[in-house]
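The structure appears right after this line, and notes come after that.
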C-alpha cells in the first residue's frame, strides 16, 4: 500500500460492517448474472463485468455519491466506463480513451467548479498498451488531480491472447508510481479491501490515485474463469443456465444499498445564448490571418462568459491562442504535444454542460485524434475544435504542417458543423456561432494574412453562404472559402478587364452547405461552377458541391484543388504551384466558357 494508508479519517469512518460487505458481495454476483444473461442473448459473449463485479459493486453502492433519480446532477460523482449511459457521459469505444475524458471532468471539478464531486475511471489492463493512457497519466499528475481515481482491472486476458505482463501486478504499480500517482495494489475480489482503499484515496491530497486490482476474467464461472478461449464466444445455453444457478446459490440476501447523496456545492452556471455584445473592430484596410482573428475572438468571447475555456497543444505562440491565455490565464489548459489526450480532456470538460470548450491546434495534428473525435460525436458531446495552418497557403512551413485532409475528416463526422471563414470578421462570427451550437464544431483557419471582405455590421448564419461579387452578366460561379476566396476575387477583377463577369460565392460553412444558394446562382449563370480549395480534392469543397447539385440537370462542376504533395515556399508561390491561384482560376474560367 502507499503513503495514503497512513492518512487518518475515512469517507466511511468505521468502514463497512459484515452485513454491508455481504450485500456488496451479493450485488457483485447479481451483476455477474446480468452480464451472463445479457451477453448470452447476443451472438458474442464479452463477460467483462464478471472480472470487475466487486469493483463496480463497491464503487457504485459504497464509494460514489450521487442521486440515482438525477443522473445528470452536476454534484454527482462521475464514472467513466465504455458506454454512453446515463451515469457515463462519454463513449470510449476502443480502449485507451476513458482516462483522458476523466481527466477533463476532474480538471473541471477541481479548478472551474471547485466542487466536491470525484471522478472514477475503470480501465482494462489491455488499455495500458495504449499511449493515450499515459498521456492522461502525465496530465493528471502535472495538474495534481487528487479528485481522480483510475482503477486497473488486471485480469491478464486480452482480445486474442494473454497480456504480455499477465498478472505481474508490480509492473503496473511501478508504472503508475513513475508518473507520480498515489498507487494501491489490491485483490479485486476482496470487497473489504476495496472499500478501505477507495475510502482512503479520498483523503489523498495533491496527486491522483491509481488502484491496481488483480482480477480474473469470467470470475465465478467454472471451467471458464481465467480461460483464454472464451473471449467473444457465445456460451451454450445449458452451461450458462448452470452457471447462473451456481452464482444464485451464493447470494445470501435480497437487500440493496442506497448510494450516499452528493455534496451540493457545484456553482450554478449558464452557458446558453452568448451574445456578441459589440461588433468586430476591423477596418477595410486591415490584413489579418483568420487564425489570428480566431485568437482575438476567443479572448473576446472569454469576457462574455467565464465558462469559456481553451485547450492547447503547445502551439499557442503559433496560432494566437496565447491572446486568450494572457487575458484569461486561469481558463487556458496546456495539454502539451498530446493531441489525443487534448481531445479527450476537452470531451470530459464539456460533459454536463459545465464549460464551453475550444481545443486549438494545428489542423494536421487532429488526424492523430480522429478516433477520439468520432467517439465524441457518438457521445453527442459539444466541443469546438479549431484547426490552424490549413492548406498550402501555410507557405514556409513544411508539408507535414499543411492540413489538406481535415475537411474530409470533419465532414465525415455526424452532425459536425464545419466552418471555413474567409476573413477576420467572418472568423469572429464563426467563433460565436460555434459557442452557441450544441453540436461538435470545427473551424478551419489559415496562416496567410488576408484582406477584410465584410463590414463589421455583416451578419452570419450556419448553413448560409455569401454572394460576395455578382452582376447580371455573370457567366460562371467560382466558389471558394478561406484564401481561395481572395484568389477568386482577384481573378474576377482581372477577368472584368476582358469583359468577362464571374460570380463569387463564399461558403462560410462547408457543412451544412447552402445548397439553395449554390443551385439558384448556378442556374442564373448557365450552370457553370468552378470550386477552388486549399485542400486535396477528396472530401473537400468540390466533393460537397458536386454532391449538392448531383440531381440537378445542366449543371457542371469543375474542381481546382491541391492534386499532389505540396512543397514549401511563399504563400503565393505555393498556391500557384498547387494550381489554385488566381492565375489558374482565370485559365479555368476561360476554358469552361470555350466548351
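Quick reminder: no glycine exception, Cβ is built from N, Cα and C everywhere.
With a 10 A radius on its CB, residue 339 (active site, proton donor) counts 24 other CB atoms from all the protein chains. Feature annotation from Swiss-Prot assigns active site, proton donor to 339.
Around the Cβ of residue 401 (thiamine diphosphate binding site), the number of neighbouring Cβ atoms within 10 Å comes to 19. The feature thiamine diphosphate binding site is assigned by Swiss-Prot to 93, 94, 95, 155, 217, 339, 365, 401, with similarity to another entry given as support.
Per Swiss-Prot, the feature Mg(2+) binding site maps to 125, 155, 157; the stated evidence is similarity to another entry. All protein chains shown were included, and the count of other CB atoms within 10 Å of the CB of residue 125 (Mg(2+) binding site) stands at 25.
Under the DSSP three-state reduction, residue 397 (substrate binding site) is assigned to coil, being neither helix nor strand. Counting only same-chain residues six or more apart in sequence, the Cβ atoms lying under 8 angstroms from the Cβ of residue 397 (substrate binding site) belong to 389, 447, 568. Sequence annotations record features per position, and here Swiss-Prot assigns substrate binding site to 389, 397 based on similarity to another entry.
The distance from the Cα of residue 95 (thiamine diphosphate binding site) to the Cα of residue 125 (Mg(2+) binding site) comes to 10 Å.
Within 10 Å of residue 125 (Mg(2+) binding site), judged by CA to CA distance, lie the following binding-site residues from the set 155, 365, 401: 155. In this structure, residue 125 (Mg(2+) binding site) is part of a helix by DSSP.
When the Cα atoms are compared, residue 401 (thiamine diphosphate binding site) and residue 339 (active site, proton donor) turn out to be 14 Å apart.
When the binding-site residues 155, 217, 365 are ranked by how far their Cα is from the Cα of residue 339 (active site, proton donor), 365 comes first.
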